[in-house]
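J.: Annotation comment: TrEMBL describes E101 as active site, proton donor. Look at TrEMBL and you will find H99, C129, C132 tagged as Zn(2+) binding site. Residues or ranges marked as domain 'CMP/dCMP-type deaminase' in TrEMBL: 48-157.
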Amino acid sequence: MSGEWNRACGALPASKLRIDREKESGYYVWLQSENIYKGVFTIVMESGKQEEYMRAAMEEAQKAAAIGEVPIGAVIVRNGEIVGRGFNLRETQKDPTLHAEMIAIREASERLGGWRLIGCTLYVTLEPCPMCAGAIVQSRIEQVVYGAGDPKAGCAGTLMNLLAEPRFNHQVPVVEGVLADECAQMLKDFFRGLRKKRQSDQK
């Protein structure tokens, strides 16, 4: 396979993936690898839908910001329908597991009547952390699309890629950087507001 582009799914680092946006029938992940080949797959997504669903995740993030939570939001889509939504509730509920992705996964599982979220894509405004990446693998989500990267805890390609770990029994292709600037700006605005409030309270 050396030197060839192969339409495939596998346990590969994000650097090995590229998106071919010229395909009218959908988005395809292609990879080049000499040593790893693990099945063939097509990312199921209608062209032009990525930003639409990411904006839905951003709406969830705004709900978090409105109650003083870090603005991170997520939606899960299956067959063009949003089946799960979530936004950060860690501070409000005093629960470290209540990240946007975790809440969206629980809602989708309840709605679909099972823990295997086969055929589902998760859209999230910030790159998943280790906990959420683990839940994504466990729930058998088929694809992750995220907005802003996370240099402190990103486990979908920035610090590591748990979603492509070859020793796991499920790997998840990742599309990164969809509306990244807008997703990052929400976080910047939120933390800027917190700093201003703290400075005001100290006066």
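Cβ atoms here come from the backbone N, Cα and C positions, even for glycine.
For each feature listed, report its degree of burial, its nearest neighbours and the pertinent distances within the displayed model.
T.: Remark: E101 (active site, proton donor) has A74, G86, L122, V124, P128, C132, A135, I136 as non-local neighbours, by Cβ distance under 8 Å and separation of at least 6 in sequence. The secondary structure of E101 (active site, proton donor), as reduced to three states from DSSP, is helical.
Contacts of C129 (Zn(2+) binding site) defined by a Cβ separation under 8 A and a same-chain sequence distance of 6+ are given as H99, D150, A153, G154, C155, in order along the sequence. DSSP assigns C129 (Zn(2+) binding site) to coil, not to a helix or a strand.
Averaged across the domain 'CMP/dCMP-type deaminase' (48-157), the predicted model reaches a pLDDT of 98.
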